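Record features, source TrEMBL:
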DOMAIN    A:99-288  domain 'ABC transmembrane type-1'
TRANSMEM  A:35-60  transmembrane segment
TRANSMEM  A:101-127  transmembrane segment
TRANSMEM  A:134-158  transmembrane segment
TRANSMEM  A:164-181  transmembrane segment
TRANSMEM  A:220-245  transmembrane segment
TRANSMEM  A:265-284  transmembrane segment
Amino acid sequence: MTVVTRSISSVSGQALRGARTGIPVVAPAKRQWSVLVWFSYFWIGLVVFLAIFASVLPIAPIDAVVGPPRQPPQLGSLDTLLGTDGTGRSLLSRLIYGGQVSLVVGTVSAAGGVLVGTILGLLAGYFRGRVDWIVTLAADVLLSFPALVLLLAITSIFSPSVPTLLIGLALTSTPTFIRLARANTMAWSSREFVRAARNMGASDTRIVLREILPNVVPTIAAYLPLVVAALIVAEGSLSFLGLGVPPPTPSWGGMINAGAAEMRTSPYLVFVPATVLFLTVFALNQAGEHLRLRFDRTLRD
Amino acid sequence: MWSDILRRGGYALLVILLVTIGVQALMALAPGSVAEVILGEAATPEAVAAMNAELGFDRPFFVQYFDWLFSALQGDLGTSPITHIPVTEAIMQRLPVTLELAVLALSIALLVAIPLAVLSATFPNSGLDRGINAVTSAFLSIPAFVAGPVLVFFFAVTMKTLPALGWTPIEEGLGPNLRGAILPALAVALTEIAAFHRVLRADLIGTLREDYVAAARAKGMTGTYVLFRHAFRPSSFSLLTISGLSLARLIGGTIIVEALFVLPGIGQLISSSIIQRDVVTVQGVVAFIAVGFVVINMLVDVGYGAIDPRVRRGPRARKAPVAAKARTTQGKAVSA
């Protein structure tokens, strides 16, 4: 499933097409953050906070039985606030620890993809020519594997584990960052200050690292939440198929998968983790969209 | 235009070659051999070595690869050493299911996205537009493995209107076939809606600002007439492009719903052969999907010029640079 950054496809340079003809376009006044954006940053903050302080929070351990199995969500005790799973373990604490896994897997693999992708994209966009051709080819080859198929193949070959998952996910997110960094590097390389630096005798290394990289970083950082969201979905899909984070470590995809089997009797086993996953992915997408509109230069010129 | 097609074709062939080498390398990296899987853990090393030699897995990497490539060029992707079914036959058997799912999902996504985009573009930046945007963003955040169980709960468990799993071949009637296909297709269609809506909305808004639209309005034509007769067609090219890419992606992306709804498609073939460590089938199917992806990608790229007369006229045509830009930005994202 294509996983990575589907929402980037909403990018369309054509919105600005009519700028010079027909009805004049007036730039909209700077709008206040919408409720959705506020909510998104709040939710991301909450999930990150809970994941970081999971071990200090007064919640049951992930494998402790806190009540009768398949108890629907109810007020009262914190441990049974969101109900219990098929063996009586607390859904709340499993969700929080699962969030820890999702966030770590998502951000670490995205960081790997950013690092490799940015370096290759910078080189390709700055030097052009043969380097560019090879890097673009490599990105195209990686993109022709459907992401989920590539991930399935990698995890099955090297047996499912967190490091395998990280490498696979980093690999699937790399081509996105290559293209992003390449496009932005090309846009910046033609600017006057780069020519000025070159005329002053600056080396290629200096130009790339000191003149271009600082300008490319905000754009790439703005895309990070979108990619992290896509990677969390990919990790969830794999865990849903039983090839993601190996049990007993809880994961959101694995919880939805386990709940799907008991859908008829206790639907909340699916609805609770599904809602949390949906809200997290939605918040990351909203935040990413918000940051992207502010920082992506290729959208504006 | 023809040299352009040839250049793209050559590049696509190169990508396909590298993809298949990549698959082969990935499989070669796998610990253990096919023979060990077939013979079980109790097999002696000699028996394993003999079996590997018999199956040809002891030859050098590139000998195996070119052997595979030449049979693949003749339509023979090998025979699974585990199920003893030729891989080409297995793929052809399952392709109709996956294709139907992908086409159905694409149609659902377009049916929902086009009216929403027209509404958004007619009242840009209004409350309605922002509301539609929020809804499509929400759809974007519902992956198939979340949408699937939830849809099953509402339509199969609560309302009992649609089956929760299983597949009826189309030969046994279109009605039962569609009843089984609609939930899985809907589950994968949701995430596609957002991209379609945004691309068509942005293009429509751009077109509605053109001089000729203002001229048509000045002549006294109604808004609806202008929208559908003047603005819609020139705005739909990017949508067509990303629909093609989306179709290509869906063919490889139905693994989740095929597992959830127990559908006999390509995705199930991949997951079952991966679990059985059936290297030959995995290699064949992954190569098949990747090649299909590259070919559809290329057709979309070339077809763009064929559909849009302004692009066809040559590189100096007015819309060409914009079209090319839209194509690359969308291609990057969608195929990711």
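Using N, Cα and C of the backbone, Cβ positions are placed for all residues, glycine too.
In summary, the transmembrane segment (A:35-60) does not lie against the transmembrane segment (A:134-158): fewer than three C-beta pairs, each 6 or more positions apart in sequence, are under 8 Å.
Across the candidate stretches A:101-127, A:134-158, A:220-245, A:265-284, the maximum count of CB pairs under 8 A to the transmembrane segment (A:164-181) is reached by A:101-127. Outside the transmembrane segment (A:220-245) by six or more residues, the chain places 1, 3-8, 44, 101-103, 105-107, 109-110, 113-114, 118, 147-148, 151-152, 155-156, 160, 162, 165, 169, 172-173, 176-177, 180-181, 184, 251-254, 256-257, 277, 280-281, 284-285, 287-289, 291-292, 294-296 with a CB less than 8 A from a CB of the stretch.
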